[in-house]
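Structure, as structure tokens:
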Amino acid sequence: MTTDITRLSASELAASLADGTVSSVEATQAHLDRIAEVDGDLNAFLHVSAEEALATAADVDARRSAGDELGPLAGVPIAIKDVVVTKGLPTTAGSKILEGWIPPYDATLVERIKAAGLPILGKTNMDEFAMGSSTEHSAYGNTRNPWDLDRIPGGSGGGSAAAVAAFEAPLAIGTDTGGSIRQPGAVTGTVGAKPTYGGVSRYGLIAMASSLDQAGPVTRTVLDAALLHELIGGHDPRDSTSIPEALPRLADAARLGAAGDLKGLRVGVVKELSGEGYQEGVSARFAESLDTLRALGAEVVEVSCPHFTYALDAYYLIMPAEASSNLAKFDGMRFGLRVQPSEGPVTAERVMAATRGTGFGDEVKRRVILGTYALSAGYYDAYYGSAQKVRTLVQRDFAAAFDQADVLVSPTAPTTAFKFGEKLDDPLAMYLNDVATIPANLAGVPGVSVPNGLSDDGLPVGFQILAPAKADDRMYRVGAALEASLEKTWGGPLLAQAPELKTTELTR
Amino acid sequence: MTAVPTTDLVAYDDAVRRYDPVLGIEVHVELGTRTKMFCAAEVEFGAEPNTQTTPVSLGLPGALPVVNGTAVEYAIRIGLALNCQIAESCRFARKNYFYPDVPKNFQTSQYDEPIAYDGWIDVELEDGETFRVEIERAHMEEDAGKNTHVGGTAGRIHGAEYSLVDYNRAGIPLVEIVTRPIEGAGERAPEVARAYVQTLRDIFRALDVSEARMERGNVRADVNVSLRTGPEAPLGTRTETKNVNSFRSVERTVRHEISRQAAVLDAGDTVVQETRHWHEDTGVTTPGRVKSDAEDYRYFPEPDLVPVAPSRDWVEEIRAGLPEMPAARRRRLQGDWGYADAEMRDVVNAGALDLIEATVAGGTTPAGARKWWMGELARRAKQADVPLESMAVTPAQIAELEQLIAGGKINDKLARQVLDGVLAGEGDPAAVVQSRGLEVVSDDGALLTAIDEALAAQPDVVAKVRGGNQGPVGAIIGAVMKATKGQADAKRVRELVLERIGQ
């Protein structure tokens, strides 16, 4: 066979599986081989579940030859961010405090992935409890950016983005609380979509901030993202915040967009998400992409969302407040790490303190302390209360903007991938990386990051498309249109321009 | 501030003469739903530890709560029965604190938005007087697990070697009912407190929202007491005695706290705002944690749940379906049965109302039913030191017993033997009559044999009777009754004896 299976997009691979040119076992093995070859350098995976993946693949192959009706992505392997619980597979959320914990149940989205016959390759690295924008806060080491191994792959879902960018997996699951799917997508040249809040069940996601968390697809093409979104999305009675209505037709929207006609579509450029603080190459690619959309027939208008300026501040009160409560359960009493106090009496309270003191990393402690403070008696109104008011204002800004435009656009992240350690000692600089992605989480609206070129530093840049709540189809349509047009200019996918990774010889 | 020893109490009568007690009572009731408040774990009393759990009630990473609709309905029923307003929309909140029996280290409760608020309930005291208690709110929350401390003294955490946690109870739905300050009860405060908790218990049962068994902890009361110098004086500092779990203890707790606080105030000291624990054995309260160090619970709206918004139609449907409330039912039954006020009060206080109602429904006269439950059965219950309702006999069985008497199958004396059999688990009365051979001997043939033997054995008596003196005939009847082990109908025996002697 001439084509490397791992270079195929998920939908291409699905087509090959359907017509019998490739088996799921072959496809799964090819990706496992690729992981073995390159992951020593990348560290995208915390756990590789080769046996289980191959067993699923063999089962799907058998069902296919038996003539069973299979879903569109059956047999296509997938990687799952380690913040999603997987029955029988270690789940750490990137934290020492969960080292060795094997969940006794599956997240709803994992149940759906298993039911659809996608072999699970393993669990991907992340910032501890999804707190970070660089994956440097993982307790299990950095994940490197396949474009430049000295640089961060984004975060918190750096493992999923790097795995997909490095052809270790055609599909991955991410979670996005303030940009953890989209920003890694931008800095690794991959597609990352955050669905409407409530569009994908949160049952089985280890919560950081319940009102902001949302799981979504990490892929190499917009169509793949739409297909995976359709697979994992839709109502789940086990998540009270799950949307009861059916999802819009997402893959159809992506196919429609790829046909290239955006006539009549109004694209709103958010004034507040550009200019100062945005790297020159990022702004340049953004401007060019707007031209591309105009060329496809879209009308580009400028919209103002004045309260977005306060979004970051509100986010850094709401998120830690919820996280401080969500992370209280990690106390060494029922699961995971348990640490006895080094001296003095062994009481439950002291074991909890010792466990949390040892098990949590600095960024987690920082946010737990911040959130505990923000919720304290006497401070609640000033901090959490005010932040919720800002949240309402951000939602109103979105509502007004969507009166003027069908979708809103911005650069996904202000800069390309930075070097390891560059922002580690400056939390505020690190937090600023999420300035363009956070408003969508505060308002619960969907957003996708699509690769739109390389900056002058030769690193990938992302273009963010935001749609109104429950209109996720719009972002796939526009994203696919942009992707198709840009790939024509580039003569292929952006990732084809990524440097070849050094591979280690297989000892298999 | 000096500590006042618990033995240093002001006599109760003296205390309430000089101080005006104000109460506040928080009652927790465990709802009798099939599953827990936020997950599908089954709820069953006495199951093996940690078998009634799900990832949700164990607080495992990733698990999410879903509100139990039946629990909401039960909470609304309680709210309506307590004459409360029902919120059009209300939220759950997280009450954050670290404790091993709280699996998530926060309790999902309602904070500033209870499902029911602004109600009242009239409680009847033992002498028939009523007292109105105002309800501030009734809110929904989840129960915690249960800690067992091993190796210390009397199961206390202090000095224990290790502790075990059972999460079966964690997540069981609770409704907490909070009164406004109960003022004006004066010397009857302990009685009002008791009657209030008892009234709630009766309402929970009538509403069928809980088994409401105090001894199982289905209903628990936190009793707040403070004293002031008079009805116009500002409220004094309160203490909160936690988890008082019998009616009698509620009454005794209030009484004790009034005497204790009066002693503190008399000594010129101030009452410490604190939680206290009631000790059934010694009849005193002792301090728990001091409230002024109260934890900051960092309440905030539960982001994993959407607001509960019961539609007005649903609320009205629930209101229309409410059963008769206990007070109304008592009035109706007293009228139907023709009991005197004092008789009715005794029946209610003995917990015999349901039993008598069911017995009457089985065909027994109200007087007959009362005679059994307030007489023979009350006596036996007292002897065995168990509540009347725990006796191993059902109202249907008592009704059956009465029918056997009325039908002449057994007499009163035999009936007590039949009851022995029923209580011993030998089956229903008719079966016991059969198996123990207790039926009245109504076969004349069998009786005549015994009579002839008795006549032959006492010729002198026969002669006297024949001589016109019927007095000594009792000796013959006695002998026959003895020979038939009391199973003969004495009246019939007399007739046959006289016939035989030829009188």
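Glycine is treated like the rest: Cβ placed from N, Cα and C.
Any TrEMBL annotation is an automated prediction that lacks curation.
What TrEMBL annotates here:
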- A:26-474: domain 'Amidase' (DOMAIN)
- A:LYS81: active site, charge relay system (ACT_SITE)
- A:SER156: active site, charge relay system (ACT_SITE)
- A:SER180: active site, acyl-ester intermediate (ACT_SITE)
Distance [Cα-Cα, Å, rounded] between A:SER180 (active site, acyl-ester intermediate) and A:SER156 (active site, charge relay system): 5
Predicted model, mean pLDDT over the domain 'Amidase' (A:26-474): 97
Count of other CB atoms lying within 10 Å of the CB belonging to A:SER156 (active site, charge relay system): 34
Rounded to the nearest Å - Cα separation of A:LYS81 (active site, charge relay system) and A:SER156 (active site, charge relay system): 10
DSSP three-state assignment (helix, strand or coil) for A:LYS81 (active site, charge relay system): strand
C-beta crowding around A:LYS81 (active site, charge relay system), within 10 angstroms: 31
